[in-house]
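Step one of this worksheet: look at the structure below.
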Amino acid sequence: MSSRTSDSVTSHDRLANAIRFLAIDAVEAANSGHPGLPMGAADIATVLFTKVLKYDPSRPFWPDRDRFVLSAGHGSMLLYSVLHLAGYEKVTIDEIKRFRQLGSLTPGHPENFVTEGIETTTGPLGQGIATAVGMAMAERLLAARFGSDVVDHYTYALASDGDLMEGISQEAADLAGHLKLSKLIVMWDDNKISIDGPTSISGSTNQLARFAASGWATAAVDGHDPEAILAALEAAKASDRPTLIACRTTIGFGSPKKAGSEKVHGSPLGAEEIVATRAALGWEAPAFVVPEDALNGWRAAGAAGRAAREAWEARFAARPAEERAEFERRVAGTLPAALEGAIVAVKEKAVKDGGAVATRKSSEMVLDFITPAVPEMVGGSADLTGSNNTKAKGAKSVTPDDFSGSFIHYGVREHGMAAAMNGMALHKGLIPFSGGFMVFSDYCRPAIRLAALMGERVIHVLTHDSIGLGEDGPTHQPVEHLAALRAIPNLLVMRPCDTVETAECWQIALQSTDRPSALILSRQNLPLLRTDATAVNRSAEGAYEILAASGPAQASLFATGSEVSLAVEAAKLLEAQGVPTRVVSISSFELFLERPAAERAKVIGDAPAKVAVEAAIRMGWDAIVGSNAAFVGMTSFGASAPAKELYAHFGITAQQVAARALDQLRQA
């Protein structure tokens, strides 16, 4: 492995050392952070950003730029240093000095919604690799639609040993290898150090063999040899497969006492060691000062991308006006005008057809109407296509050799699927959605949480949403999952009660450009309760009266999804006993709680008896109906039996709801 001292400094070294010392100084000033990776991977980043990557700091969101994902998000100062050095205007030296401080553009881990030039938020290891897979998929999908003269770029990721230890890396590697994502290149910072010590204490996997077995091209280079790094990257660009490049590096490169040790991973070097490191690498500039030669070299590299961007703009301008407008619309994320008509049409069909339909089937019906109207939608499923009903009529499957389709077979890779959808949404130009069993949303949770944090439009169709799925039993019956999903900030959770509400919830999900959505759908058939087929979206209110009382309400029943029809039955029982009863359908806690307090109070009403019913745990309901309301639902795991027997066994019946309301009236 190369070893460079102050006596053998090259121009490359000066550029790489600028990264190292900005990272060292920022971590020291913050008294917090991870200097080891930026010091060790500086040579990789320098080659990539000065010799290979296609980008223009003056246009951070240029659609045909190459994407770079720092999967090892703890090494954020590597990326912040590069952005500052390359000329991203907002990442000033003052922001570098404010590393990890409240309100800075340089938070502890990269956040794409905070800092221009950051393609995705990373930090939870493994997420970045799988997100990069989604970005590479988006590039192929859009190129198939608009041509390679408009869409032709690479996705690069820098991953750590920890990234490759995470299970999601295998899901991502399998999917990328199968789809032959040749424009995906992952650089592995192979420093053989983990927080606890050498990686050998916890693993001995041959990572290159693992990725090769998944269909990847692989290479191993000295991560401190710029010529070897460049050659490997050029070979990767020419490959017909995704590529993993193992870059053997020394963590904390240049530190006389801490290089190669876990001690440099997540702690400041300390003043004495910084002085020694400056001497070892021949860096005489004081803290946060980049010598003119190094800064000029970096700024020239950043400015070099302008020509590629302008050439792309010229090619794009030569395309027909209608095609340009469609591409720009999709990248901007605006919806076509045809969506509203499609939603009304599916409502009209539902009302005309009537009958009981599982909301998973309702969702399929909606997709048949809206996917032709919104061609940027790209669906998929985790090997449950026929159960989730996420493949619209006429949808063509994506294959390794043909990305003109709009449906992706993700296989049993829920976590990788969710993260890949994040990457597709971040890329822009597509609206990803996919299906899975609701109970397995636990497998998706880290990626769903990141989508919510980033505010990305990603749609999760989660079916088989309760004990109503029946015989498969408690391993597959969600009980706590609604509460768990509702606990994620900025995630829109919607549980429609029939086909009309399902159509409305799909419309809301598509219109929610700044947050992900989860559509919670039933396996069992549900009666049509809504008979209006207008453009008015009642579900957007979050909660509304779906059945009025015969007089001043003495009881108010609140329900979601499959339990709304049960509440309607209970209301009829109560009305038969002379108790005027109303029913409120709550399509979404989040939408309801966003309404003004006075509006919420009006919907909840002042009936002396209030009962909420949902085939799930109570957690979260008190914020809607108050702690004094009765609740009919689950307090344990489910069981294996037909759905109707399970509802009776667990006491989730119209009779029980009515009884609880009468109990409350007697106590009033």
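Numbering starts at 1 and runs along the chain as displayed.
Glycine residues also receive a Cβ, built from the backbone N, Cα and C atoms like all the rest.
Feature annotation from Swiss-Prot assigns site 'Important for catalytic activity' to His34 (among others). Cβ contacts within 10 Å of His34 (site 'Important for catalytic activity'), excluding its own Cβ and spanning all protein chains shown: 24.
Annotation note: Asp472 (substrate binding site) sits in a coil segment as assigned by DSSP. What Swiss-Prot lists as substrate binding site is His34, His265, Arg360, Ser387, His464, Asp472, Arg523, and the listing cites similarity to another entry.
Note: Asn191 (Mg(2+) binding site) has non-local neighbours Gly36, Leu37, Gly40, Ser160, Asp161, Gly223, Arg248, Thr249, Thr250, Ile251, Gly260, i.e. same-chain residues 6+ apart with C-beta under 8 A of its own C-beta. DSSP classifies Asn191 (Mg(2+) binding site) as coil under the three-state reduction. Taken from Swiss-Prot, the feature Mg(2+) binding site applies to Asp161, Asn191, Ile193, supported by similarity to another entry.
Look at His265 (substrate binding site): DSSP puts it in coil. As annotated by Swiss-Prot, site 'Important for catalytic activity' applies to His265 (among others).
For Glu414 (active site, proton donor), the same-chain residues that are 6 or more apart in sequence and have a Cβ closer than 8 Å to its Cβ are Ala382, Gly436, Phe440, Ser441, Tyr443, Cys444. Secondary structure from DSSP puts Glu414 (active site, proton donor) in a helix. Annotation source Swiss-Prot lists active site, proton donor at Glu414, citing similarity to another entry.
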Surrounding the recorded Mg(2+) site, with Cβ no more than 8 Å from the Cβ centroid of Asp161, Asn191, Ile193 and those residues left out, we find Gly40, Ser160, Asp189, Asp190, Lys192, Ser194, Thr199, Thr249, Ile251
With His34 (site 'Important for catalytic activity') as reference and a Cα-Cα limit of 10 Å, the qualifying binding-site residues from Ile193, His265, Arg360, Arg523 are His265
Closest by Cα to Ile193 (Mg(2+) binding site), out of the binding-site residues His265, Arg360, Ser387, His464, Arg523, is His265
Close in space but at least six residues away in sequence, with Cβ under 8 Å from that of Arg360 (substrate binding site), the same-chain residues are Ser387, Asn388, Asn389, Val461, Thr463, His464, Leu521, Ser522, Arg523
Looking at the binding-site residues Asp161, Asp472, the one with the fewest other Cβ atoms inside 10 Å is Asp472
Top of the binding-site residues His265, His464, Arg523 by count of other CB atoms within 10 A is His464
